[in-house]
Amino acid sequence: MPPLVLFALQLLTLALLLAVLYRPLGDYMATVYSSTRHLRVEKVIYRLTGVNQDAEQTWPIYFRSVLAFSAVGILAVYGLQRLQAFLPFALGLPAVSEQLSFNTAISFVTNTNWQSYSPEATMGYSVQLLGLAVQNFLSAAVGIAVAVALVRGLARAASPTLGNFWVDLVRGSLRILLPFAAVAAIVLLAGGVIQNFAGFQDVGTLAGGTQSIPGGPVASQEAIKLLGTNGGGFFNANSAHPFENPTAWVNLVEVLLMLAIPFALPRTFGRMVGDNRQGYAILAAMGTFFVLSVSLLSALELGGRGTAPVLAGGAMEGKEQRFGELGSALFGTTSTLTSTGAVNSMHDSYTALGGGTTMLNMMLGELAPGGVGSGLYGMLVIAILAVFIAGLMVGRTPEYLGKKLGAREIKLASLYILTTPTLVLVGTALSFGIPVIRESVIGTSILNPGLHGFSEVLYAFTSAANNNGSAFAGLTANTPWFNTALGVAMLLGRLLPILFVLALAGSLAAQEKVPVTAGTLPTHRPLFVGLLCGTVVIVSALTYFPVLALGPLAEGLL
Amino acid sequence: MATTRGTLRQYGVAVRALLVLTLILGVLYPLVITGIGQLALPQQANGSLVRVDGRAVGSALIGQSFADAEGTPLPQWFQPRPSAAGSGHDAAASSGSNWGPENPDLVAAIRDRQSAIEKLDGVSVSAIPPDAVTASGSGLDPHISPEYARLQVHRVAAARSLETARVSALVESMIQERDLGYLGEPTVNVLALNAALAGMDEKN
Amino acid sequence: MSTTTEERTESSVHRHKDTAAPFGPRQLLAALPVALRKLHPRQMWRNPVMFIVEVGAALTTLIAITEPLSGGPVESGGTAMPSAFTVSIAVWLWLTVLFANLAEAVAEGRGKAQAESLRATRTSTIAHRVPHYDETADPGALVATSEAIASADLHLGDVVVVTAGELIPGDGDIVWGIASVDESAITGESAPVVRESGGDRSAVTGGTRVLSDRIVVRITSKPGETFVDRMIRLVEGASRQKTPNEIALNILLATLSIVFVVVVLTIGPMAGYSDAAPSVPVLIALLVCLIPTTIGALLSAIGIAGMDRLVQRNVLALSGRAVEAAGDVTTLLLDKTGTITYGNRQAAEFIPVGGAGEAELVAAAHAASLADPTPEGSSIVLLAERLDPTLTRVQQASGAVVPFTAQTRMSGIDYADGAMLRKGAGSMVAAWAAESGALAADTEGELRAAVERVSEAGGTPLVVAERRADGQSRVLGVIYLKDVVKTGLVERFAELRRMGIRTVMITGDNPLTAKAIAAEAGVDDFLAEATPEDKMALIKREQAGGNLVAMTGDGTNDAPALAQADVGVAMNTGTSAAKEAGNMVDLDSDPTKLIDIVRIGKQLLITRGSLTTFSIANDVAKYFAIIPAMFAGAFPGLEVLNLMGLSSPASAILSAVIFNAIIIVILIPLALRGVRYRAASASQILRRNLIIYGLGGVIAPFIGIKLVDLVVSLLPGF
C-alpha cells in the first residue's frame, strides 16, 4: 500500500475512534462537573480531608487551593526522592540528588514530566508509584479543574464563585481518570505492556550472553501517563520501549489515550455553556491544526531530508521498526500537540524540519488539542483574543458567549500569551548569553554539534515552559543550570497561566450575560474557526519564527 | 489573621487530600491492575518471556544481542538493528542515540555499519534497508524489517550449513504483516526467528 | 421639528460634506509643526507602541553618528551592510514616528476651526448679577439691585438679568421672563429661538445673544465648565479620554509589543551561538516592523475622527465612552411623536354617532376647535371647512373658550345661552355628557365602536359632545385624528434589525393606537400610555437583561431616564437638566439622529478592529522579508524563505521599514473617514472585513515591500 493510503487509514481510524468518544465522554465529563450529588466514597474523602463539599469558592480561593495542593505535591515528590534509600521496593537505588529531586518534583506536579534522568537507574517502584504515578493523576485532574472553572466563568451569570477546587479535583481523579485509566491499563496489558513487581530478571540469551530484563508496574502507569497527558516514561526510552508500547495497534491505542480527554473537553465546554455548536467550533480549530501538523511531520519524516537519513535511505534513526515513520510521526505529533511529551521515537534524531515541527507544535501553545484541561483553557484564551479583534471589526464591544471583553479580560488573556514565549526565549537566551552557563551548556549538555545543539536547548525550554516534557534527549539536562532553569520554567509555565485563567474566569463569572442579537459575532461558524486558527498562528507561532530560523530552519534548509 | 488561618487550613486540606488520594491512586490502583494482570494475563504482565526448553532466553518484546563478547556479529544468527542502549541491547539502560540528522558521528556510524554489512553479507550498500544501519529509539527494538531479514538469509544459511531455501522459507513464515493490515510496518521478530532457527538445527 | 426625516438627513449630510476638511498634502503640511512638537518623549509616552519606535529611532541615530568613527556599519549576521544603511534606517524610523504624530495632528486639526469660532463666544462679557434675589416677592428682579461683574466670576447658583442685545453670561435656566435668543454661535442655525421660564424650553447657553425682552437666569454651570467650554475641549480633542475598548486594545497592542521586545532582545545571545548575531540597527528594524505600529500610529486619530464625525452631524458626545456605547446599543427607545410620527396629528374623518347627522358633528367640531391653537385643532377646522364650505369663524365671539387642561382632558366653548360644546378624550367627554343623564345604550355602543375603530387604525379619537341650553347632553360623534408616520422609517428600522438593534416606540397613546402605529412604522415593540416612570422601568428592565439602551429626551421629566440610559441624547432645545443628564447633545434637536449616532459608534469600533487586524496580519510578510535577510550571511539556506526575492539583505530590511512607515500615511485617510459601514449581520460584516483587512493585511505588504525594494535596490550599496 502506498504511504499516503496507510497514513489516511491510520488517521481515519483515529478520527473515527475519537468521534465515537466525543459525545459520550464529553457529556459524561460535563455531568461529573455539574452534578450536585456526591458519591459515598467522595463523602468519606471530604470528611477525612475536612472539605465542605457544598461550599463554592471565589477565584482567589480556587487559585490558592491549586497553589496549596501543588506546593504540597512538590514537597511530597521531593521528599520521596530524597528518602528513596529508606523506602520499600526501591530496587536498592539511593536517594536522588537535591537538584534532580527539585526538578523532577516540579516536573511531575506541573504535568510536564520532563525527565533529566534515566528512570531505570534512578527511580525505584515506590517513588514511581507513590510519587510520580499519583501526580500523573492529580496534575491532570488539576488541569481539567482549571479548565472547568473557566468554562463555568463563561457559563454562569453574575456569579461570585467558580466551584470548589477540592470537589473538582476528587471528581476528576476518581470519576474520570481512575476508571478510564483502569480500563486502558488492562487493554495495554493485553497488548504486552508489563505489570509486575519482579525487578530486574537476568536471562541467558540465545547467543550465550546475559540480559537483564526489567520489570515493574508499567501498564498502570503507562495508562495514566498518556490519559493524563503527562508523558513521563517508566523507562528511559519512554514509549519507544517495547514494554511500554509493544505493537503498532497498542501505539494507536496510546495515541487515542492522549487525545481522548483533550478532544472531548470541547464537548464538555459546549454542554456546560448550553450550546454544543461552540464546542464543535473549538474542536474544529483543534482538529485543523492536528491534521495539518501530523500531515506535515509524516511528509517530512517520510521524505527523510538531511545527510544521515539520505545516507541510511530513510529517517529511521531513533525510530522503532514496528511503528515506522508514520506511526512515529503520529505519536510525535500527538505528544507535542498535547502536553504529553511521551515519545515513541527520538525527536532529536528526526529530520531537522521534522524536529522543528514538533517544537512548533509546542510553540503553538499546546492547544490542538493540548493537555487535559490546559488545551481547552489555552484555546479559550486564544478564542477570547480572536473575539476581541473580530468583535471590534463588527462594530460592537467584543463579547464571547455573552460576556463582554473589556480591559481586565484582555489584560489577563495578554498576560497568558506573554508568559510562555518569555520563559522560552529568556531561558534559551540566558543559556547562551551568560558566559559561565554557556560554557556548561556547550561543553557538557549539548550532544549534537552545530545548529542541532542550539535546537536541543531551545527544545528543552519550549518543552518545559509549555509543560510538555518531551526532549531532544541528547541534551544532558541533569546539570545545575538546566535542573534549576527548567524547574523554574516548568513552575512558572504552569502556575502563571493558571493564575491568569482563574482570574479571567472570576471576572467573566461576575458579569451578566449580554443577550444574543443579529449584531452579535457568531462564534460557532467556520469563519470563526478560521479566525481562531489565524489568531493561534499570529499570536503564538509567529513569535518563534526568528528562533526557529536559528535552529531547525537553518539546519533543515542547508 | 483570618487569612493566615485560612491559608493554614488550606494547606492542611491539601496534605490530607494528597494522602488519601495517594492511597487510592498510588497503592490500590496499581495493586488491582497487578492482580488482574497476574491472574488474567500473566504471560504479558511478566514480560512475554520466550522459553527454550523451559529456560527463559529473553523477552519476545526486547531485542537482544547476537554478537560475541567483543561485539562482533555472530554470522550464524540473524542480526538485530544497531542499539544505543548501554553498550548495546542493555535492557537496563534503554536509549536511542539521539544523534541529529547532520551529526558527523551518526553519518560515520551509518557508513561503518553499511560497510560492515556489505562485508558480512556480501550485498551492495544500496540494497541495505535503513533499519539495518540505524539505531532504534529504545535500543531494544526486537524487530527488523523483512528486507533486512531476507538480506541475511544467505550468510546465516551458509554459517549453519543449511539450505538457503529452508532458511528463506522460515524467514517468510516469520514475517508479521502490519497490524490490521495498515498500522505500523511489517516486521520480523529477531529472537523468535533465531529461536526457530535453533530448533531447525536440532531437528537436523 | 417641522422638517421631514429625509430633509434632515440630507441637510446633515450636506453639512458634513461642507465642513469635513478633505485630506490632502495641505492638511499634512499644516499639521507638521504640531506633529513635530508631539515628538517630545513625555507626549510619546502615552502611546507605548510609538514610544518604542522613538527610542529605537534615537538609538539608531546615535549609532549612525558614532559608527563612522569605528569604520562604518558593523557586519550583521555575517553580512556586510552598506555605509548608508544605519542612517537610512534612522531616518525612516523618525519618519515612522512623525507619520504617527501627523495622523493625530491632522485629526485634531479638523476640530480646531470649530473650536476657534466657539472660543469667540466665550470672550468675557459683563454679567448683571442680582446678589439678593427674592424669587417669591420679586421674581422678575425688577426692584432688586444688580451689580456688574465679569462673566468669568459667576458661580453656580448666581442669578443674573439679561436684557435684549446682551450676551448671556453663562449656562442657566430662565427663572423669569421670555425672550428670543440667537443661538447660531452654537447650532449654526440663524433663526432665533424662543426661551421662556418654566417648562422644557427654559435652558439658555452662555455665549448666545438675547434678541428681545428681558429674562432672569439662574446660572447652572461652574466657571470654565460651561457648555461651550466643554464643546471646545471636545472638538479640540484635548479632554479626550481613552474609551474602554481603546484601553483594552492598547493593552493588547502593548502586549504584542512586549512579546516582540523579548523576541528581539533574546535574538542576540541565541544567534551568538552560531556567530550569526545581527547588529543593533537590524534588530531595531525588526522590532519596529513586528510591533503593531500601524494601528499604534492611527489609534488616537481614529478616536478623534470618530468624535469629529459626530460633531459634523451637530452632535456633541460628552464622553468618548458614549460614542463607543452607541455602537453597542441593542435597544433603541424612540418617542413616537416627533421621531416616528410628525409632531402634529391631522383630522382625517368625522364619525357621527347616536343619530347625530354628519353636518351637525362637523359644525360642532368646527366651533369647538376654533379657539384651539394646536395643530390638531387647526386641522379639524380646516377639514370641517372643506367638508362644509358654509362654516364661518364668527361664532367664536359668542362664547367663552374652555381651554384644555390635563385634569379635564377636554376643551370646548361655553355659549352665553348656557349651551356648551366639548371635545376631548373619549372617556372624559362621555362622562361629561353622562352628567345630565346616562347615554342611550346603542349610542354608547356606537361610540365605543367608533373610538375603537379609530384607535385600531392608529389614530387618536376625539369625542365631540354638546349640552344644549336646556341641560340635555348628547354625544355627536368622533373626530379621527390621524398620526402621520414619517416616510422611510420602515426601511431604517429593518436596517436596525439587521444590525441586531431592537426598536421600542414610547407613546402616551393607548395600547390599541400604539399597536397600530408600531405596526405601520415597523418598530419591534412599543410602550403605550407611558409615564416617565414606565420609561425608566423599561430601561432598567432592558439593562437587567444585558441590553444597552439608547434614547432621546428633552424634558426635565426625561432627565432620570436619560441618565439611566447607556446612550442618552438630549435635544439642544431641552432643559438644562436633560442636557446634564444625557451623555450626548444634539444641536439640531432631531430625535431620528439616534440612528446616525449608532452607525458612527459602530463605524468607530470597526475602523479600530480592521486596522488592528491589518496591522497584525502585516507581520507575516515582514517576517519573510527580514528573517532571511537577517541571517542570510550565516545560513545561506534561509534564502528559500526570501519569498519576495528581495535584492539584498540591507535592501530587504530597509524596504520593510520604509513600507512600515509609508503604510501609516496611506491609511490616514481611512482612519479619518472610517471603514465603510453598511448595515448587515455580524457574520457578513466580519467576513467582509476579514477578507479586506485580514487577508489584505497578509498580502498587501508582500507586494508593497517588493515594490519598495525595487526602488531601494537602485541605491548604491543596497
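Note: Cβ is positioned from N, Cα and C throughout, glycine not excepted.
What TrEMBL lists as transmembrane segment is A:61-80, A:129-155, A:176-198, A:248-268, A:280-300, A:376-394, A:415-437, A:485-506, A:527-549.
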Cβ-Cβ under 8 Å with the transmembrane segment (A:248-268): same-chain residues at least 6 beyond its ends: 10, 13-14, 17-18, 21-23, 25-27, 29-30, 33, 140, 144, 147-148, 151, 176, 180, 184, 187-188, 191-193, 222-223, 226-229, 239, 276, 279-280, 282-283, 286-287, 322-323, 327, 330-331, 334-335, 338, 340, 342, 344, 369-373, 375-376
Outside the transmembrane segment (A:176-198), at least 6 residues beyond either end, the same-chain residues with a Cβ under 8 Å of its Cβ set are 28-29, 32, 89, 125, 137, 140-141, 144, 215-220, 222-224, 226-228, 242-247, 249-250, 253-254, 257, 260-261
Assess whether the transmembrane segment (A:280-300) lies in contact with the transmembrane segment (A:527-549), where contact requires at least three Cβ pairs under 8 Å among residues 6 or more apart in sequence. yes
Taking the transmembrane segment (A:376-394) as the reference, which of A:129-155, A:485-506, A:527-549 gives the largest number of Cβ pairs under 8 angstroms? A:527-549
Return the stretch with the most CB pairs under 8 A relative to the transmembrane segment (A:129-155), choosing among A:415-437, A:485-506, A:527-549. A:485-506
Taking pairs 6 or more apart in sequence, does the count of Cβ pairs under 8 Å between the transmembrane segment (A:61-80) and the transmembrane segment (A:527-549) hit 3 or more? no
Which residues of the chain, 6 or more past the ends of the transmembrane segment (A:527-549), have a CB below 8 A from one of its CBs? 281-282, 284-285, 288-289, 356, 359-360, 363-365, 367-368, 379, 382-383, 385-386, 389-390, 417, 421, 424-425, 428, 458, 521
